[in-house]
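Worksheet: one structure, shown below.
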Amino acid sequence: MDGGAFGAGKAGGAFDPHAFIRQPYTLLRLLSWVFSIVVFGSIVNEGYVNRPDETQEHCIFNRNRNACNYGITVGVLTFLSCLLYLALDAYFPQISSVKDRKKAVLSDIGVSAFLAFLWFVGFCFLTNQWQASKEEDNPMNEGGDAARAAITFSFFSIFTWGFLTFLAFRRLRDITFQEEYNTLFPNSPSLLP
């Protein structure tokens, strides 16, 4: 794909799926998407257990329903955000206005930073509740691997979303430069092809 404002091709250019897949933010979004599936899938599938003498299931994380709900909510929110921003990244080369590109990147920065923060909180919360869990609440150690997987992939998600925030800041810098260049030299050819 030809370089342009924020590494995008010329507006109206054809979509190149090979170039799209090779972009670092596309790979990170796909990785974050998989991590979110692992977290909420682990909790939904094996995150609720009961004692042999009980019929009602409780959250595996210290019987704290809020811990399971938090992990599921952030996982689903991240899953949907990844799909939304993958679609925006695919559509991005079609956006001709530098201002609209800037708005898209600013929303990416905000969402990515917010999700990195939510995953940090989730990692700390799930880890704390897992450490506080009592062995008598889960005598057969059911779902332990799922709980550890949710904690581990919450930790990995902090870094993927943090790096996505960093990449979005780099994109913003490129867009701001293009915008300033167009303001200073309105009748000149584009600096970036």
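Just so you know, the numbers here start at 1 and follow the chain as drawn.
Note that Cβ sites are derived from N, Cα and C of the backbone, with glycine treated the same way.
Annotation comment: TrEMBL describes 20-173 as domain 'MARVEL'.
The transmembrane segment annotation in TrEMBL covers 30-49 (among others).
Residues annotated as transmembrane segment in TrEMBL: 69-88 (among others).
Taken from TrEMBL, the feature transmembrane segment covers 109-130 (among others). Sequence-distant contacts of the transmembrane segment (109-130), counting only residues of its own chain at least 6 positions beyond either end whose CB sits under 8 Å from a CB of the stretch, comprise 39, 59-62, 64, 67, 70-71, 74, 77-78, 81, 85, 147-148, 150-151, 154-155, 157-158, 161-162, 164-165, 168-169, 172.
Beyond its flanks by at least six residues, the transmembrane segment (150-169) meets 24-25, 28-29, 31-32, 35-36, 38-39, 42-43, 47, 71, 78, 105, 108-109, 112-113, 115-116, 119-120, 122-123, 126-127, 130 of its own chain at Cβ-Cβ distances under 8 Å. If you look up TrEMBL, you'll see 150-169 (among others) marked as transmembrane segment.
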Same-chain residue ranges lying at least 6 outside the transmembrane segment (69-88) that approach it to Cβ under 8 Å: 26, 29-30, 32-33, 35-37, 39-41, 43-44, 47, 61, 104, 108, 111, 115, 118-119, 121-122, 125-126, 150, 154, 157, 161
